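**Student:** Here it is: the structure, laid out below.
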Amino acid sequence: MKAARTKTPRRPKKPTNPTLKDPVGVYCRVRPLSRADQECCIEVINETTVQIHPPEGYRVFRNGEYRETQYSFKEVFGTLGVQKELFDVVAKPLVEDLIRGKNGLLFTYGVTGSGKTHTMTGSPGDGGLLPRCLDMIFNSIGPFQAKRFVFKLDDKNGVDVQSEVDALLERQRRDALPVPKTPSGKRHLDPEFADMINVQEHCKVEEVDEDNVYSVFVSYIEIYNNYIYDLLEEAPFEPIKPKPPQSKMLREDQNHNMYVTGCTEVEVKSTEEAFEVFWRGQKKRRIANTQLNRESSRSHSVFIIKLAQAPLDADGDNVLQEKEQITLSQLSLVDLAGSERTNRTKAEGNRLREAGNINQSLMTLRTCIEVLRENQLYGTNKMVPYRDSKLTHLFKNYFDGEGKVRMIVCVNPKAEDYEESLQVMRFAEMTQEVEVARPVDRPLCGLTPGRRFRNQAFREELARKLEMRGGPLGGETEEQSVAEMLLQNFPPLPSCELLDINDDQTLPKLIEALEQRQKMRQMLSEDFAKNVLAFKTMLQEFDSSVVSKEHYIQGKLSEKEKIIAGQRTELERLEKKIKTLEYKIDILEKTATIYEEDKRNLQQELESKSQKLQRQASDKRRLEARLQGMVAETTMKWEKECERRVAAKQLEMQNKLWVKDEKLKQLKAIVTEPKEKPERPSRERDREKAVQRSLSPPPVPSSSPFAQGGHSQRLASPPQGPRRSNSCSSISVASCVLEWEQKTPSHKQSTSYARTKQEPEPSRGCNSSHRRRGMCWTGVLEVPRHREELEIEEDHCCRNAPPVRLRHRRSRSAGERWVDHKPPSNVPTETVLQPHVPHAITVTTASEKALAKCDKYMLTHQELASDGEIETKLIKGDVFKTRGGGQAVQFTDIETLKQESPTGRKRRSSPSQPDPLGEAADSEWTDVETRCSVAVEMRAGSALGPGYQHHAQPKRRKP
Ligand code: ADP
Ligand code: MG
């Protein structure tokens, strides 16, 4: 037969709810003092608090300092506490959890002699937690236990389930083996231990799942010197040189639980059997301690109870062969080594090292608890050093994963243990703050509950009924025996052989036997008929009961069918609804996709359009810049061109004019002075003119008719006329001013030059330096009173003097009359001071007629200064009659009217001209040339010389 073995599947780590956490349950047990006269340092205050006070000696040692400390626990068990009480409170819930498929860990902690072993194992007549746990487990699952070997633990901490037939075969196979049978029953136990499991209280878990089958496995290990030993391992007995026990390794299973590899796990079916196994391990431990000279209190003992459970099948007869349905839970009962520090023990050499290691294990336990507590309290994520010791590593998943953890702190109240007890209390208090995830409930198998008893009850009832009737079906064996008895009593047939004719015995014997047989046959047939009848009635009864049951069942069935029909219609309705909704969802999804597609398209379009727009904008900007550049360039070009043309035209016109004038003058001269002395050679005449010029400096009435002091009005005195060749007989205002300005590199220079020439009178109050330099800043230009005061300093000045006839100079007493020559395009300025000359003849073009009437000439000229301001220059001159009968103007001064910003900034700037100086100079040139377009000197008898031509030619500083 093929074994239907199933294996537990790899389960993911059980989901743990971080909010569902329970703190480690810490209980305290205070043992009674060994002797009544011992000093006590621990008192039980109430159910949850103990108080420790320093013993006498300690107080003296500490200078009489006396401090009592109280420690609180979940519950405190005093010296009068009994094992049962402790078990009910501490261990019972763990057993209940075990049966419900949850893991649990219970350990005792305390110094040596504090009652850890007493608490865990108990003493004869007073069983501890371990035997009580076992007893409770078997009391609870006793009737529901699986047959031996139905559950099989594998070597990876998992469990298999096999069919009952396979289990039976395995049982038979094992029984056939020559190994000693597992002893069961109390008779094999040491009487000392047997007494411990004699638990009177019949404690059991309520509400055990009766539709499950259970199997208990126990293992017992010892951790000594950080090595794990299997206390149940069957080692071959070697009396001469016993082998030291082999240590075991720790591994993590698929559910992240730690387990001891290759550890013996014994399936036990009763408390006695389980305790016997424990006892075996305990005995081995003792032997090892003796043989290896070990300190028993230095080792940790771990007794592990594993409970495998799986649900019954639907018939309630056999275990369900579904691997997912098996649950394996375990309860670890740990009796820790004494927590005292090494110096307290009298360990030496090897023992000391071992003791140190043991302490190291407990130290690691303390560290782990501390780190866990810190992580949980402060939300840190420190690594918990479980792996630092075998002890903590083995129970890692209890703290990290899930399970119930409980600790019993055992203390001996004697004074000698005071210090150690304090340490124990502190650790215990800290442990209480650690929280462990609450285990999740095992899922239900899904089969109808109560199946085990429903079928069992039916079978029992049938058997009872048959028994009651006493019928042949009451018991097959019974029936068989009656038939056998009858057959056995059936009279045998005597010999039918008639050997003698006179034999009168054989026939009667035969007749008698046959009659007896006939009787028995009748009896049998009667019995048979009776039985048949009984069977028939029973059958009828059964039939009727079956029919009634059938009716009942049918009624129920129809009821259920109705319900099912109702549910089906509901289901159909819901399905329809689901379909409609699915359809709607479909439509919505489609719409959503369409919209999304639209959105994507639009976004793409938008992006492309915006990109295009950006491109266009940048193109536009570029184009604009280019056009602006072009416009500026073209404007500039055209402006220059215009200026050039205008200038050329002007020059041309001037030339024409002058040629005409000259012709007229010559004509006039010929007409008016025909009989004058004969013409001298030109050189001689020139020399004479020069002398005349030098002798007639302009008697400039330089006090301006509109000059005022205290504001930014500059008064400049020009030099005595533009430098020109002696042959030059006529001059234009423009060329005159131009030459004048060109001669001096800066205005200041010209000013100073002019002033040098117009030395003021010392009596006017100017200081010596001013006098020396010919400067006076009173706002009024001092002019020489007499013509004689003027010095002829330079030859060129003399040469530059206009060709005037002094005798034609108008008398000053007659009153000055001005020709105010204002070009028609005069720009009104914002200056407060405005030039106003009384009794002036205002002209827009220089006319000889006007000049003839006046003795003063003023040309208003505007130009853009370098700071962007409009500068109004009033170029003043004296009018002289020429010897030719014409009028000549000799420029004497330039008055400048100009506004300035007080901050010195430019008030206006010309954007089109990057070089304001150049522009100013340029405009100056053009303006001067444009506006002073008329030559004012009219002289007869002098032809235009090349020098004149040269001066009349407009000069451009910038090409
Ligand atoms: P530990 O295992 O902590 O070293 P034990 O359990 O071996 O200590 O106890 C030492 C002794 O004290 C034992 O003889 C034990 O019977 C006794 N003892 C411990 N606890 C109690 C108790 N609660 N009541 C009575 N006796 C106790
Ligand atoms: Mg002990």
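Numbering starts at 1 and runs along the chain as displayed.
Just so it is clear, glycine is given a Cβ too, placed from its N, Cα and C backbone atoms.
Whatever TrEMBL says is automated annotation, not expert-curated.
According to TrEMBL, the feature compositional bias 'Basic residues' maps to 1-14. For 1-21, 670-728, 741-771, 899-926, 940-959, the entry in TrEMBL reads region 'Disordered'. Taken from TrEMBL, the feature domain 'Kinesin motor' applies to 23-434. If you look up TrEMBL, you'll see G110, V111, T112, G113, S114, G115, K116, T117 marked as ATP binding site. Marked as coiled coil by TrEMBL: 557-633. According to TrEMBL, the compositional bias 'Basic and acidic residues' annotation covers 673-691.
So that I understand the layout, could you describe where these features sit and how close they are to other parts?
**Tutor:** Using a 10 Å Cβ-Cβ cutoff, T112 (ATP binding site) registers 19 neighbours.
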**Student:** Applying a 10 Å Cβ distance cut-off over all chains shown, what neighbour count does T117 (ATP binding site) have?
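**Tutor:** That number is 20.
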**Student:** So if I measure Cβ to Cβ from G113 (ATP binding site) and keep only same-chain residues at least 6 apart in sequence, which ones fall under 8 Å?
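**Tutor:** For G113 (ATP binding site), the qualifying residues are S297, G338, N412, D417.
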**Student:** Please check the binding-site residues G110, T112, G113, S114, K116, T117 against ligand 2 and give me the ones with CB under 6 A, sequence order.
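**Tutor:** Only K116, T117 meet the Cβ criterion.
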**Student:** What are the sequence-distant neighbours of G115 (ATP binding site), meaning same chain, six or more residues apart, C-beta distance under 8 angstroms?
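**Tutor:** Sequence-distant Cβ neighbours: R29, R31, C410, N412.
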**Student:** Would you mind pulling the DSSP three-state label for G115 (ATP binding site)?
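**Tutor:** Reduced to three states, the DSSP call for G115 (ATP binding site) is coil.
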**Student:** Please list, in sequence order, every residue of the chain apart from G110, V111, T112, G113, S114, G115, K116, T117 whose Cβ lies within 8 Å of the Cβ centroid of the ATP site.
**Tutor:** R31, T108, H118, S297, G338, C410, N412
**Student:** Using a Cβ cut-off of under 6 Å to any atom of ligand 1, determine which of the binding-site residues V111, K116, T117 qualify.
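**Tutor:** Result: K116, T117.
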**Student:** Give the sequence-ordered list of residues that share a chain with G110 (ATP binding site), lie 6 or more positions from it, and have CB atoms under 8 Å from its CB.
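**Tutor:** Result: K116, L336, G338, S339, V409, C410, V411, N412, V424.
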**Student:** At a 10 Å cut-off from the C-beta of S114 (ATP binding site), count the other C-beta atoms across all protein chains.
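**Tutor:** Summing over all protein chains shown, S114 (ATP binding site) has 27 other Cβ atoms within 10 Å.
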